[in-house]
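Here is the structure we will look at, set down as structure tokens.
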Amino acid sequence: MPSIMEKNRGERLILLYQHLPKGEKNAKTLSELLTSFNPTGEKTQSRAKLLEQDLLSLYSLFGDNSICRMPAWEEGSIAGKTPKYYLHPNFTLDSFDNENLFFWEMLDKFTANYLPKDIHNTLTAKIANVKNHQNLQYQISQLGQWKNHLFTIPSLLQAPKYDEHILKTIHQAIIDGKRLEISYLAKWANEPVTRWVYPRGLIFIDNMIYLTAFYKVEESISTPEKVYLDANRNYAIIRIQSVQILEEPIPNWVNDLSLEELSRKGMLETHLTQRGKPIILRLKINHIAAQHLTERPLSNDQTLEKLDEKNLLLTATVMNTVRLEDWLISMSHMSEVLEPVKLREMIIDRLTHGLNQYTK
């Protein structure tokens, strides 16, 4: 075995993990380990100290059930006892603690319909591999038992079937920072159109995935932010018919606009009023709706006050989006939009059209 102790720290830690004795019966002292890891015998004292620090680093990084010591690490130095070290037999670099494994299992449940099939298969294979290594430890833990009492009810509308090649290509362009050429069939359109865009990220709304991207803009110091924001577009992945990565890199101004900032400015979903501008919603609601909205408020500044014997007045600052309008339609049997007037008229118009479907 080559001298591990001559390697740089990163490589040294990996080699230590690979070559430490496994199991308590095979535990070795620092001197015994140095015989293997420092076969030349050079700089024995300094390398013994270095080896001890490396073992402590691995323990600090991976926790109790990784790099073990007798006596235990917590006991510190004990007079008359020479510490011995070994690798926990169930430890692997693929392992997670119970909290991490629980997180990955929940991620698997929530993203099953969103991730490309090969990525989802990799995730489930990783979880299965980890569980094989620490199955007993995990199953008897509180989190290991708790997962058996959780279930996610799927969305009423099933997630669309995504083209894996298109998703993978978009992922790659985002990671590589490259421009995209897409063929896009807009809703209700008869023919697709070709667009050349700078991809910024993927947006999840319910179980739909959208690509948020930008058209080309001539960049200069004097270009106002509004010009960049006006070049933003969102494309439903399901409606992208083909995609090709181009060699042109994504400019800095695109990367400077974070997804959080775009969301805050109202760019990531369809708005019915000026983008990024909230409205004051005043809603007459009955007591059933009031209970629902007390549990799940529309906004942080939502208020409820008595309007009459049967109804309350809700006031909240919200973004006037398509999703808000759809929600108000679904709550129309328990509520009435008072303000803004334009939103009220829009709801009346949609309800009238809906009623006409049943009274023809």
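Note that Cβ sites are derived from N, Cα and C of the backbone, with glycine treated the same way.
Sequence annotations record features per position, and here TrEMBL assigns domain 'WYL' to 166-244. For 280-352, the entry in TrEMBL reads domain 'WCX'.
Averaged across the domain 'WYL' (166-244), pLDDT in this predicted model comes to 92. Break the domain 'WYL' (166-244) down by DSSP state and the numbers are 20 helix, 37 strand, 22 coil. Taken residue by residue, the domain 'WCX' (280-352) breaks down under DSSP into 30 helix, 26 strand, 17 coil.
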